[in-house]
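For reference, the structure discussed in these notes is given below.
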Amino acid sequence: MAEGLRAPPPPGNGSECPDGARWVLRLLGECARDGRDVGSALLGLLSIGCFAAAALPQFYQACKTGIMDRALSIYFLLGWLGGDLLNLIGSFLANQLPLQVYTAVYYVLADLVMLSLYGYYKAKNWGTGATASINAACLFCLLGTATTLTVLSHDTGPAPNPAAFGGRSLLSLGLEGPGPEPISKTEIIGFAIGSISSVLYLCSRLPQIYTNYRRKSTAGVSFLLFALVMLGNLLYGTSVLLKNPEPGQSEGDYILHHLPWLIGSLGVLSLDVIISFQFLAYRTGQPSAGEEREALLAEHGDS
């Protein structure tokens, strides 16, 4: 079956993306041939804006309430970081769109800050009684930093040239054209890693849903974090779907090539909707963040 993995042929000789939008080519290294491609680039940039802003409300909420270690599940944060790390590695290896690589880099950086805050408040509120959680957070922070620096030390792709926009397609069979280029093993590994990252994204929400249910409270968790992530995932997935397939590549092959990243963005929306309903269900009758923090410290002092 490996013999059937082929990439579409290059679009041919000529100038680099002659009919494309120049600003998209310069900014993202993508060839936007028509309004559909330009719209995809715009939605992708908006999604990055949502992701960039999403973590800020949670950072503020953490500093305001001081109970981030109780409000957020460590397994939610670790699962999120694990998915983002694999997403970054998979995007790089599978020759994904530059926008996907840039978004993955920001994901990891924001996760590292979030885990650092979690470890800080865990140590502050529990002293030496939370060594395992803090060690796990530190380990993942180091792993995330090393992975991000390794990826950033390489180019995310070659300089734009006529063949750079040929794209690659898994299971693209029977394409006409002389000498189709085989899909590399590296790209297949990247596709597999991207698939695993999608599973981690889906599973990461479950511990947070359980934590909210167990506490019967969402105090200390910023609703804007999930609202902006939901909007960002929706825009991100739509931008990938909106983009035209490369010449010689069918719509089905294009979707298959980007499927893990689509599941990782659009697939988690249903779970984020559940968390949004929890904010509505627990908004009345729940203790304030200050009361919960005082109770937490009193409980720790009695132990």
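First residue shown is number 1, and so on along the chain.
Cβ atoms are placed via backbone N, Cα and C, with glycine included.
In terms of DSSP helix, strand and coil, the domain 'PQ-loop 1' (36-102) has 59 helix, 0 strand, 8 coil. Residues or ranges marked as domain 'PQ-loop 1' in Swiss-Prot: 36-102.
What Swiss-Prot records for 186-251 is domain 'PQ-loop 2'. In this model, the domain 'PQ-loop 2' (186-251) carries an average pLDDT of 88.
Residues or ranges marked as N-linked glycosylation site by Swiss-Prot: ASN13.
Look at Swiss-Prot and you will find 1-38 (among others) tagged as topological domain 'Lumenal'.
According to Swiss-Prot, the feature topological domain 'Cytoplasmic' maps to 60-73 (among others), an assignment based on sequence analysis.
The topological domain 'Cytoplasmic' annotation in Swiss-Prot covers 118-131 (among others).
The topological domain 'Lumenal' annotation in Swiss-Prot covers 153-182 (among others) and rests on sequence analysis.
Taken from Swiss-Prot, the feature topological domain 'Cytoplasmic' covers 204-220 (among others).
Taken from Swiss-Prot, the feature topological domain 'Lumenal' covers 242-260 (among others). In terms of DSSP helix, strand and coil, the topological domain 'Lumenal' (242-260) has 10 helix, 0 strand, 9 coil.
Residues annotated as topological domain 'Cytoplasmic' in Swiss-Prot: 282-303 (among others).
Positions annotated as transmembrane segment by Swiss-Prot: 39-59 (among others).
Feature annotation from Swiss-Prot assigns transmembrane segment to 74-94 (among others).
Under the heading transmembrane segment, Swiss-Prot lists 97-117 (among others).
Among the features that Swiss-Prot reports, transmembrane segment is placed at 132-152 (among others).
Look at Swiss-Prot and you will find 183-203 (among others) tagged as transmembrane segment, backed by sequence analysis.
With a threshold of 8 Å between CB atoms, the same-chain residues lying at least 6 positions outside the transmembrane segment (221-241) that come near it are 39-44, 46-51, 53-55, 57-58, 60-61, 71-72, 97, 99-100, 103, 208, 212, 255, 258, 261-262, 265-266, 268-269, 272-273, 275-276, 279. Residues or ranges marked as transmembrane segment by Swiss-Prot: 221-241 (among others).
Count of Cβ pairs under 8 Å against the transmembrane segment (183-203): among 39-59, 97-117, 261-281, the largest is for 261-281. Sequence-distant contacts of the topological domain 'Cytoplasmic' (204-220) (same chain, six or more residues past either end, CB-CB distance under 8 Å): 61-62, 65, 67-68, 70-76, 78-80, 82-83, 268, 271-272, 274-275, 278-279, 282-283, 286-289, 292. For the topological domain 'Cytoplasmic' (204-220), DSSP puts the residue distribution at 12 helix, 0 strand, 5 coil.
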